[in-house]
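Novice: Take a look at the following structure, please.
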Amino acid sequence: MSEFDQSENQQKFDRIIMGYCLDMAQQALGKTAPNPMVGCVIAQNSQIVGKGFHPGAGHPHAEVLALKEAGEKAKGATVYVSLEPCNHYGRTPPCTEALIAAGVAKVVVGMIDPNPLVAGSGIAKLREAGIQVVVGVLEAECRQLNEAFIHRILHQKPFGILKYAMTLDGKIATTTGHSAWVTSPAARSEVHKLRVACDAVIIGGNTVRRDNPLLTSRSSKVDNPLRVVMSRSLDLPTEANLWNVDEANTLVFTEVESNREFQQYLRQKGVEVVEVSSLTPAKVMANLYDRGFLSVLWECGGTLAARAIADGAVQKICAFIAPKIIGGQIAPSPVGDLGLIKMTEAVELENVSICAVGCDYLLTGYIIFD
Ligand SMILES: NC(=O)c1ccc[n+]([C@@H]2O[C@H](COP(=O)([O-])OP(=O)(O)OC[C@H]3O[C@@H](n4cnc5c(N)ncnc54)[C@H](OP(=O)(O)O)[C@@H]3O)[C@@H](O)[C@H]2O)c1
Ligand SMILES: [Zn+2]
């Protein structure tokens, strides 16, 4: 075999193992905030001798778990890890030190740490210790998996995803406000998966009044995101699915001094209530950032969605499109008034993709911020 073939084969092997790291990392989807999802595999002569993924804050890092499994076999081995090993004392000692102490020969890194203040320092430390380091294997996939973590680090805000379901003529409900259901069961189960991946789901008061949603992933309480309601009036029904916190927790943001009696009623039910002066999506996102959240799913109607976009609280759009037409001049659409008057002012998306989900379509894209 020529040297060229050998390196081709090596690269192919590296990509396969990094793919495996990513699959493992994903097992902690929605559970790692404020930490990233990370997977690690240790290979000795192309045999996997150790593997691990970071289960979440307060638990060991992926590298530590993989090194533990590999034991003595880590000596002279190649370590694959989807994110640059950490090089600082946090809750746990730095992984760079553990890798050096274990005597590994080579480290293959998916992507460097997104934090500009630490980026590259872990790699430099490993190289100084004489370890060979390869960077950027399946980098795009690694970045995609941790898009929310990257956004949180770079912008000190959670990553916002606006999800909605609309008919082909752009309506999210009928003229009477009826909206069950715009899409098929397959699309709705896709929404449940999206919820598992997010730390919070947000709606406005009107959606509580009209739809009385559950907003769970229909699985266990640990998998359910925090359900967040933004209501300035606090003119909300006494009986609502969201006030039952057995399956998932609920947090209500409202204006200072709005309907104190109802606030008390909610607290008695186990619902957290936070008063904010001049309630806006940006203020809610700042509060959720302080709670360590990575990703937040906006599942609101058009009025609040427009405010969230205008506030820079939405980075990604997940639009489910049902091949049906409901019509109606005043039937609501996914995004209310943004104050734009010319088509040239439109909010544009990039990295757009579309896929079929049952008989519906899911269009995903990222808002371009200029
Ligand atoms: N198909 C879909 O994907 C989908 C998803 C969600 C909703 N919907 C439909 O959308 C309709 C409701 O739409 P909506 O636009 O009224 O949505 P919404 O999700 O209820 O948001 C509007 C509400 O948010 C609250 N709010 C708090 N702070 C605000 C702020 N700074 N700016 C604006 N609102 C703020 C207000 O509640 P208070 O009035 O309580 O103060 C306001 O009425 C319903 O018919 C529902 O069925 C459809
Ligand atoms: Zn670490």
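The count begins at 1 with the first shown residue.
Cβ atoms here come from the backbone N, Cα and C positions, even for glycine.
Whatever TrEMBL says is automated annotation, not expert-curated.
Annotated active site, proton donor per TrEMBL: GLU63, in sequence order. As annotated by TrEMBL, Zn(2+) binding site applies to HIS61, CYS86, CYS95. Taken from TrEMBL, the feature NADP(+) binding site applies to ALA165, TRP181, ARG195, THR207, ASP211. Positions annotated as substrate binding site by TrEMBL: SER179, LEU215, ARG218, GLU299. For 12-134, the entry in TrEMBL reads domain 'CMP/dCMP-type deaminase'.
Situate these features within the shown structure.
Specialist: Secondary structure at GLU63 (active site, proton donor), taken from DSSP and collapsed to helix, strand or coil, is helix.
All chains included, 27 other C-beta atoms sit within 10 angstroms of the C-beta of HIS61 (Zn(2+) binding site).
Around ARG195 (NADP(+) binding site), taking its Cβ as the centre, 24 other Cβ atoms fall within 10 Å, counting all chains.
DSSP assigns LEU215 (substrate binding site) to coil in the three-state reduction, placing it in neither a helix nor a strand. In sequence order, ARG195, VAL201, ILE203, PRO225, ARG227, ASN241, LEU242, ALA248, GLU299 are the residues of the chain that are 6 or more apart from LEU215 (substrate binding site) and have a CB within less than 8 Å of its CB.
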Novice: Between the Cα atoms of ALA165 (NADP(+) binding site) and CYS95 (Zn(2+) binding site), find the distance and write it as a whole number of Å.
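Specialist: If we compare the Cα positions of ALA165 (NADP(+) binding site) and CYS95 (Zn(2+) binding site), the gap is 43 Å.
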Novice: How many Å separate the Cα atoms of HIS61 (Zn(2+) binding site) and TRP181 (NADP(+) binding site)?
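Specialist: With distance taken Cα to Cα, TRP181 (NADP(+) binding site) is 42 Å from HIS61 (Zn(2+) binding site).
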Novice: Among the binding-site residues CYS86, TRP181, LEU215, GLU299, name every one whose Cβ is found under 6 angstroms from ligand 2, counting any of its atoms.
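Specialist: Checking each Cβ against ligand 2, the ones under 6 Å are CYS86.
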Novice: Looking at the recorded positions GLU63, TRP181, THR207, which has the shortest Cα distance to CYS86 (Zn(2+) binding site)?
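Specialist: Smallest Cα separation from CYS86 (Zn(2+) binding site) among GLU63, TRP181, THR207: GLU63.
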Novice: Cα distance, CYS95 (Zn(2+) binding site) to TRP181 (NADP(+) binding site), nearest Å?
Specialist: 48
